[in-house]
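Structure first, then comments.
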Amino acid sequence: MGMSTLKLLKYVLFFFNLLFWFCGCCILSFGIYFLVHNKFGVLFHNVPSLTLGNVLVIVGSIIMVVAFLGCMGSIKENKCLLMSFFVLLLIILLAEVTLAILLFVYEQNLDRSVTEGLSDSIQRYHTDNSTRQAWDFIQKYLDCCGINGTKNWPNGPPASCPTGPQVEGCYKKATVWFQSNFLYIGIVTICVCVIQVLGMSFALTLNCQIDKTSQALGL
């Protein structure tokens with residue numbers, strides 16, 4: 001009974017982490033794609049590395065490393081790798097909770113920092129080619145103009161701005177999009193946390209089962 005339970009847990013955790021690893025590969029691939037084709041970091045001159053591509057590359061790489069530890073630890077029945085997998089998942093989970101709390105507490109400060117960064121990038125629109133391309137893409141894609149409207153452009157709105165009596169700002173449109181998809185974003189976030197908790201539970205259970213099996217065999 002003990003050996004059959006051990007094998008079941010081992011393969012469940014292995015395939016769980018294998019799927020986790022493939023997800024990490026996909027996220028890393030999307031991150032590399034965004035790094036190559038999108039340069040939105042230039043909109044925030046103070047933190048140019050704050051781009052979707054960089055975030056996806058970091059997240060994808062971390063997931064691949066953690067999933068690899070979980071795969072190797074489960075298939076090899078290695079307690080050290082299993083505990084490393086558990087600790088890393090715990091650290092990631094705590095980091096996610098901490099980040100969510102900080103975003104909630106400092107929401108107004110974050111809004112102000114984003115607005116200031118975008119305002120600064122508007123001043124560099126005519127002097128920096130990358131900034132101009134980024135703004136043109138955003139305004140065409142979201143069908144918006146400036147941060148809060150055409151008034152944000154001191155020399156008049158560029159050709160990428162839509163024409164019309166009521167042109168919305170890009171920051172407002174992005175905020176509305178986020179709020180309209182908040183439910184889906186929340187569901188995805190909860191699912192990710194549940195998967196992490198399940199992975200930690202499987203790792204601890206398998207670790208305990210390895211101990212029980214070893215004691216039963218007199219090892």
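Cβ atoms here come from the backbone N, Cα and C positions, even for glycine.
What TrEMBL says about a protein is an automatic prediction, not a curated fact.
Matching TrEMBL disulfide entries to the candidates Cys145, Cys170 identifies the partner of Cys161 as Cys145. Residues of the same chain lying 6 or more positions beyond the ends of the transmembrane segment (82-106) and with a Cβ under 8 Å from any Cβ of it are 17, 62, 65-66, 69-70, 73-74, 189, 192-193, 196-197, 199-200, 203-204, 206-207, 210.
Tertiary proximity for the transmembrane segment (12-35) is limited to same-chain residues at least six positions away from its ends with a CB under 8 Å from its CB atoms, namely 51-64, 66-68, 70-71, 73-75, 85, 195, 198-199, 202-203, 206. Sequence-distant neighbours of Cys161 (disulfide bond): residues of the same chain at least 6 apart with a C-beta under 8 Å from its C-beta are Gln139, Cys144, Cys145, Gly146, Thr150, Trp153, Val167. Residues 6, 9-10, 12-13, 16-17, 20, 70, 73-74, 77, 82-83, 85-86, 89-90, 92-93, 96 of the same chain lie 6 or more positions beyond the ends of the transmembrane segment (182-206) yet place their CB under 8 Å from a CB of it.
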